[in-house]
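Undergrad: A single structure is presented below for examination.
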Ligand code: NAP
């Protein structure tokens, strides 16, 4: 039986890459497409929608979302309320929103995934950084993305910071009398450590976690050079959420 997939944000950089991935997999069927500025009524027989409400009652199993931070929460709620298991790559969710969506998925007995990063290397970077933070509590996160990215810091940086918060004994870094001569020079403060966001044309998605200790340093880095790096994770997410009855936050929760 094929899994019927709707892709929201199908005209975007990630959404269009996800369309190609779904089309290339015999176990998946591209059932519907959503983008507010689409002018087509259908593409190769696949219906195109411009508002999510038009999908009430639509027959599909999974809702893939690569849209924009300001609409992703509403889209994910809508998917759960209408029987589509969400696989969401859009970033910018608050912790409260994720908790609400988890509760809604349990109530609806529907699987789902919100993954700030679908690349396996990024998942491993988060795991290694979390482990290292127990031994190296002094650290800084530097995330680097293309200059069209709307949210900062990245969802991956926030997720990394949240995982580190769980593992690392709290420590406020930097000198007591440290002074920013230009506002923002030390980056965003999260649980005593700093997150820096770099935006440049030519970049895709990259992250470093730099650890410093007495007389030694450790740098962990992951690079997504191409958006295809995310697609095996999206594919896995689609195939896993249909088997599950609750939404998880982070692809690592679906890896065995
Ligand atoms: P993008 O190229 O700007 O694509 C976003 C698309 O969503 C655009 O085509 C946009 O249409 C459309 N859109 C806007 N509002 C919508 C709505 N209400 N319903 C449906 N579609 C809507 O951005 P991108 O680079 O593909 O990134 C999309 C998201 O994925 C971002 O949040 C990014 O951070 C995230 N991302 C996640 C991962 C991961 O591994 N989880 C990896 C890379 C990126 P218009 O342009 O016509 O407004």
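The backbone N, Cα and C atoms fix where each Cβ goes, and this holds for glycine too.
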Undergrad: Pick from 40, 59, 140: which one does TrEMBL list with 9, 10, 11, 12, 13, 14, 89, 90, 91, 115, 116, 117, 118 for the same NAD(+) site?
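TA: My reading of TrEMBL gives 40 as the candidate in that site.
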Undergrad: Rounded to whole angstrom, what's the largest C-alpha distance between any two of 9, 10, 11, 12, 13, 14, 40, 89, 90, 91, 115, 116, 117, 118, listed as binding NAD(+)?
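TA: So the maximum pairwise Cα distance among the NAD(+) binders is 30 Å.
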Undergrad: Could you tell me which of the binding-site residues 9, 115, 117, 156 have their C-beta within a distance under 6 angstroms of some atom of ligand 1?
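TA: The qualifying binding-site residues are 9, 115, 117.
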Undergrad: Spatially, and counting Cα to Cα, which of the recorded positions is closest to residue 9 (NAD(+) binding site)? Options: 145, 149, 155, 156.
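TA: Of all the candidates listed, 149 is nearest in space.
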